[in-house]
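**Q** Relevant sequence annotations retrieved from Swiss-Prot are reproduced here:
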MOD_RES   Ala2  N-acetylalanine
DOMAIN    4-164  domain 'UBC core'
ACT_SITE  Cys89  active site, glycyl thioester intermediate
Amino acid sequence: MASQASLLLQKQLKDLCKHPVDGFSAGLVDEKNIFEWSVTIIGPPDTLYEGGFFNAIMTFPQNYPNSPPTVRFTSDMWHPNVYSDGRVCISILHPPGDDPSGYELASERWTPVHTVESIMLSIISMLSGPNDESPANVEAAKEWRDKRDEFKKKVSRCVRKSQEMF
């Protein structure tokens, strides 16, 4: 019998196929595994990432939606809120409840009402406006703040590379 998580993910995938959302596309990495999705984010207009096609893997836990998925870019990504291994660091992907380090309110963290669509729109928003207050990539955050030209060059390289890979 299918689990609550797999049924919910099947429904979300079906909804996204029927009603695509601007800015990203999503599908399964392997048709037999509803818990691992392949997503492509289109670099948002009027941002440094414009024109890019950034691939990522979204991995859902067995107890979804009670726990958040992880999202990891497989395309090169230079951003203050993306770890060097590609993992995305935004509040809504952090486990529910209080933040042990005190940076985030519980209301900013994961809740079961989030969907693939709301996660992807949050990531697109992150690309539009990095949060350099609690960075995953300290070097990118420093460049974003202090050496914007260097930051832009690195992002431009990522965009060009993503276009070549697409």
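Heads up, the Cβ atoms here are built off N, Cα and C, so glycines get one too.
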**Q** Among all chains shown, work out which of the recorded positions Ala2, Cys89 has the most CB atoms within 10 A of its CB.
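**A** Neighbour-count leader: Cys89.
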**Q** C-alpha of Cys89 (active site, glycyl thioester intermediate) to C-alpha of Ala2 (N-acetylalanine): distance in Å?
**A** 30
